Amino acid sequence: MSMSTLRHFLWLGALLLATIQVSALPTAQDLICNGHPEYCDRRYSELSFVGAHNSPFVGPLLQHNQDISVTEQLDFGIRFLQGQTHKNDDGVFSMCHTSCILEDAGSVSSYLQTVKTWLDSHPNEVVTLLITNGDGLDIKEFDDAFNAVNGIKDYTFAPKSKLALGDWPTLRELITTGKRLIVFVDSKADTNRFPYLLDEFSYYFETPFSTTDENFPQCKLDRPAGGKPDGQMYLVNHTLNVNVFGIFLPDRFKAGRTNAAVGQGSIGAQVDLCNSIYHRKPNVVLLDFITEGDVLKAERTMNGL
């Protein structure tokens, strides 16, 4: 074989290899966003999520709200995580249930590290955190917790100004820009100082929490006080409680019924009620014991799948 012929074959081989490599790259049509290609070109504000209420508080005790860890919740398919914060007796900013004496699930930075580690290995997923500020601390405490987790702030979405409902990016845009972590705080947010820590009630209203009626017969605006639903996303607290001498405990025994996709007292039934009032489906439905019932089916139904 002559040298020119050999060079010709090598050139053809390189061209073929390059063609194969290019064809193997994911195209815009190949992208799957939060598990569904249908979600990619929907705005964040147009999607409905089921969320894990009190996501860090895991176990079999009366005060626990979930049965599986935060990582397992994400693996299960949950993309909206809520949790409470307080400072414990040692002054550590922690994920604590009502008080750190009742339940201390570790530092806020440890919780954030768990989320960041999961995001690292799931590049096509958008996750939302709703973190409550139980002690009314300066928002810098939250920023300090994020700063303690190397690289997590690279994922955070920080709009340049407050977004109207129709101005939110699509999941595709969030994924392709790498801004796949949306963070809301329920009080003391200051987006002039920390633009990625979004004020929950500038974007959402909520229905009442600590419900004890297993049929969830209402969907009224509870917070913020005096708020109006127009132009806001909204969050439904679909968590059933038992009142034990004035202490509200999650009702683990009825979780299968509460978290059913359809039927009386189900996710679907309350979503239908809310939709009849606000003429749009909830953006978030918060749930205890997310492995009970059929919560992901309910989420798909809310999103028209």
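Just so you know, glycine gets a Cβ as well, placed from its N, Cα and C.
If you check Swiss-Prot, you get these features:
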- 1-24: signal peptide (SIGNAL)
- 25-189: domain 'PI-PLC X-box' (DOMAIN)
- HIS53: active site (ACT_SITE)
- HIS97: active site (ACT_SITE)
- ASN237: N-linked glycosylation site (CARBOHYD)
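Overlay of Swiss-Prot feature records on the structure.
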| residue | record | CB count, 10 Å |
| --- | --- | --- |
| HIS53 | active site | 25 |
| HIS97 | active site | 20 |
| ASN237 | N-linked glycosylation site | 24 |
Averaged pLDDT, computed only over the residues in the domain 'PI-PLC X-box' (25-189): 97
Distance from HIS97 (active site) back to HIS53 (active site), taken between C-alpha atoms, in Å: 11
Alpha-carbon spacing, HIS97 (active site) to the residue listed as 'N-linked glycosylation site', which is rounded to whole Å: 17
